[in-house]
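Some features that TrEMBL has for this protein:
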- SER67: active site (ACT_SITE)
- LYS120: active site (ACT_SITE)
- 48-133: domain 'Peptidase S26' (DOMAIN)
- 139-179: domain 'Peptidase S26' (DOMAIN)
Amino acid sequence: MAGKDAHVLSHPSPLLPLLLHWQSNKHLDMRTGNSLWLLTKKTLTGALIGITISDRYVTLSPLRGSSMHPTFTGSSTSFPGSLKGDVILVERFCLQKYKFSHGDVIIFRTPTNQKQIFVKRLIALPGDWIQVPESSEILQIPEGHCWVEGDNPASSLDSRSFGPIPLGLVQGRVTHVIWPPQRIGHVERKMPTGRISPY
């Protein structure tokens, strides 16, 4: 997921060979040149709009790993363009005022390596008291932080390992699975029972 803009920008435009050919061929009439210029402008404008939408509003991300199984099916490969796992739709409107709810699935930069982006379920919000799994410890979530866990605790690196995470690391909320076709649907908000303590 990281570097999606670099991926978009690193590929040469399919129009580049056409433009080079146009520069070297003096026999093209003005209408062909104008058409190429208009097509180039539309392509560049579309790419810029796509990048802006991805950065500010919504983005699509393929998943890897099994920490959110069975909610998501992650790919076991990191090969670019591989669509063997679920592809998710992530909305970013929630970031404007940190509008999150218990049970949301969010993506965030990990506190230990901010180049990595994880997908986990939001269990506790600022001020909540939470029973730490497999422990008798009850912890209050500090202001500006949240507690996240994978749906598959046996293979999840989450707040049980690195503690509450700053809300500033959250990159968006997962709302839908959009690929593969048989798994297209809304991502359910659900909360494990008995995790928030009434302190």
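Cβ coordinates come from backbone N, Cα and C, glycine included.
In the predicted model, the domain 'Peptidase S26' (139-179) has a mean pLDDT of 93. LYS120 (active site): 25 other CB atoms within 10 A of its CB, across all protein chains. If you measure from the Cα atom of LYS120 (active site) to that of SER67 (active site), you get 8 Å. Long-range neighbours of SER67 (active site) (same chain, six or more residues apart, CB within less than 8 Å of its CB): GLY74, PHE118, VAL119, LYS120, GLY150, ASP151, ASN152, SER155, SER156, LEU157, ASP158. Taken residue by residue, the domain 'Peptidase S26' (139-179) breaks down under DSSP into 10 helix, 19 strand, 12 coil.
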